[in-house]
Amino acid sequence: MASPRTVTIVALSVTLGLFFVFMGTIKLTPRLSKDAYSEMKRAYKSYVKALPALKKIGISSVFLRKAIGSLELACGIVLTLVPGRPKDVANFILLLLVLIVLFFHQLVGDPLKRYAHALVFGILLTCRLLVSRQPEEEFPEKKLSRGNNGAHSREPIKMKVS
């Protein structure tokens, strides 16, 4: 049976991965939702207007939207399908992207309802990263029941109380 930690990591990975695949796709193409795509275009234009330094270094709203959308799509696929350490790397990249997007929302003065989803998914990404970095814990009854060569031992538990 899978440990609660494993179930939590898998559930968060799949859910977050699919969400970011969806959001990245919306930023890249109008095929899923024309309204959401046009809203993303408008939002990224306002982000570049609010931060003139981006324009000075040659980053247009189209490039910014496509870069963030591509990263979200790629990291979402990794988070959903790829096992092991790459999931943690994708999780970290997505967490940085969420922080950047939250910065942009604050910069243009968006109300909380416009970026509440980014806050929630940032918290979920943080939780997934923290849970995945925890070492696997062995339950005390399993430790006690194993003696030499896997035989069951009946030694009492000794606890030091200070």
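Yeah, the Cβs are placed from backbone N, Cα and C, and that goes for glycine too.
Listed features, source Swiss-Prot:
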type	residues	note
COMPBIAS	152-162	compositional bias 'Basic and acidic residues'
REGION	141-162	region 'Disordered'
TOPO_DOM	1-5	topological domain 'Cytoplasmic'
TOPO_DOM	27-61	topological domain 'Lumenal'
TOPO_DOM	83-88	topological domain 'Cytoplasmic'
TOPO_DOM	110-114	topological domain 'Lumenal'
TOPO_DOM	132-162	topological domain 'Cytoplasmic'
TRANSMEM	6-26	transmembrane segment
TRANSMEM	62-82	transmembrane segment
TRANSMEM	89-109	transmembrane segment
TRANSMEM	115-131	transmembrane segment
Could you break down the residues of the topological domain 'Cytoplasmic' (83-88) into DSSP helix, strand and coil, giving a count for each? 4 helix, 0 strand, 2 coil
Counting only residues 6 or more past its boundaries, what in the same chain has a CB within less than 8 Å of a CB in the transmembrane segment (115-131)? 5, 8-9, 12-13, 15-16, 19-20, 88, 91-92, 94-95, 98-99, 101-102, 105-106
Other parts of the chain folded back onto the topological domain 'Cytoplasmic' (83-88), taken as Cβ under 8 Å at six or more residues beyond its ends: 13, 129, 132-133
Per the Cβ filter (under 8 Å) with a sequence gap of at least 6 from its ends, the topological domain 'Lumenal' (27-61) is approached by 68-70, 72-73, 104, 107-108
Run through the topological domain 'Lumenal' (110-114) and tell me, per DSSP, how many residues are helix, strand and coil. 3 helix, 0 strand, 2 coil
Give the residue counts of the topological domain 'Cytoplasmic' (1-5) per reduced DSSP state, in the order helix, strand, coil. 2 helix, 0 strand, 3 coil
